[in-house]
Amino acid sequence: MYGIEYTTVLFYLISFVFVSYILKTVTKIMDFIIYRITFIIIVLSTLSNAQNYGINLPITGSMDTAYANSTQNDNFLSSTLCLYYPTEARTQINDNEWKDTLSQLFLTKGWPTGSVYFNEYSNILEFSIDPKLYCDYNVVLIKFTSGQELDISELADLILNEWLCNPMDITLYYYQQTGEANKWISMGSSCTVKVCPLNTQTLGIGCQTTNVATFETVADSEKLAIVDVVDSVNHKLDVTSTTCTIRNCNKLGPRENVAIIQVGGSNILDITADPTTSPQIERMMRVNWKKWWQVFYTVVDYINQIVQVMSKRSRSLDSSSFYYRV
């Protein structure tokens with residue numbers, strides 16, 4: 001009887017030792033596998049980061065995520081550039097392959113084929129209403145035309161800054177501007193804006209609220225007018241509503257991914273003197289007028305210097321939305 005008990009105890013003891021040995025062996029094997037896999041992953045990760053040139057990334061528009069390039073200093077490999085030009089340029093060049101030619105020339109300056117977009121507009125009015133500034137960098141070419149200096153200057157103020165606007169019902173309400181950043185922006189084929197300042201009794205100051213002929217004219221037959229009046233004073237407005245709209249807008253700050261190149265003209269239009277323009281950084285420049293080919297060649301030559309005074313936006317931005325936001 002005692003022999004059987006000793007045999008049973010010995011059997012369990014040997015089994016325990018054997019199982020312990022198996023578990024230790026399995027643990028060593030698993031540790032070896034885990035360490036080896038971890039080492040391989042670290043080595044492969046290091047090698048893959050060193051080879052991440054980013055050249056094969058598809059560039060189809062502004063990207064929400066900025067793709068960092070650890071081995072390439074050229075910032076334009078992951079950027080998009082939009083070039084806006086008047087219809088006159090395409091008509092004068094009269095070459096079906098002119099955009100391809102310019103794309104190849106931009107390539108010599110570090111802008112890959114497919115990263116530069118050419119956008120045509122017919123006139124200042126059309127462009128101011130719906131500019132569609134979608135790219136990381138947006139360069140607008142504006143041909144200087146005598147008699148349109150004011151429209152061009154106000155277009156520059158419009159697209160070089162971000163605005164938050166609300167509709168105005170001038171038939172029911174009086175309006176006042178609350179500060180230097182608060183303007184009334186009027187757009188249309190022909191905008192004439194008249195105002196009548198009011199005192200605390202809502203009586204006209206130097207004008208009669210019931211007689212539009214006595215109102216003060218602040219914009220006359222303009223396509224685009226940014227109206228500035230005395231702050232904190234109520235005004236009754238009269239606008240050519242059949243050909244024009246007007247909105248109450250606040251300037252939020254500079255739109256730093258936009259630059260304007262004035263083509264021709266004796267002097268460059270300067271909007272930096274406006275106290276609401278902050279910071280006072282010039283993003284308007286002028287090139288001499290010769291032929292449109294010469295203008296585009298100049299832009300290609302200096303494009304990298306131009307974007308140095310701009311700030312890249314990593315997301316698409318429809319500039320026209322500023323005018324219709326409520």
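Just so it is clear, glycine is given a Cβ too, placed from its N, Cα and C backbone atoms.
Worth saying up front: this structure is predicted, and the values here are computed from it rather than measured.
According to Swiss-Prot, the feature Ca(2+) 1 binding site maps to Asp95, Gly206, Thr214, Glu216. Cβ neighbour count for Glu216 (Ca(2+) 1 binding site): 14 (other Cβ atoms within 10 Å of its Cβ, all protein chains included).
There are 13 other CB atoms within 10 A of the CB of Asp301 (Ca(2+) 2 binding site), with all protein chains counted. Among the features that Swiss-Prot reports, Ca(2+) 2 binding site is placed at Gln177, Asp228, Val229, Asp231, Asp301.
DSSP assigns Cys135 (disulfide bond) to coil in the three-state reduction, outside any helix or strand. Annotated disulfide bond per Swiss-Prot: Cys82-Cys135 (among others), in sequence order.
The annotation disulfide bond is assigned in Swiss-Prot to Cys165-Cys249 (among others).
Summarising the annotation, Swiss-Prot assigns disulfide bond to Cys191-Cys244 (among others). Close to Cys244 (disulfide bond) in the fold, though at least 6 residues off in sequence, lie Ser186, Met187, Gly188, Ser189, Ser190, Cys191, Thr192, Val193, each with a CB less than 8 Å from its CB.
Just so you know, the Cβ of Cys207 (disulfide bond) picks up 20 other Cβ atoms within 10 Å once every protein chain is counted. For Cys196-Cys207 (among others), the entry in Swiss-Prot reads disulfide bond.
Sequence annotations record features per position, and here Swiss-Prot assigns N-linked glycosylation site to Asn69.
Taken from Swiss-Prot, the feature signal peptide applies to 1-50.
Here the candidates are the binding-site residues Asp95, Gln177, Glu216, Asp228, Val229. The one whose C-alpha lies nearest to that of Cys196 (disulfide bond) is Glu216. The DSSP secondary structure for Asp301 (Ca(2+) 2 binding site) is helix.
Looking only at the binding-site residues Gln177, Thr214, the densest Cβ neighbourhood within 10 Å occurs at Gln177. For the recorded positions Cys165, Asp228, Val229, a Cα-Cα cutoff of 10 angstroms around Gly206 (Ca(2+) 1 binding site) retains nothing.
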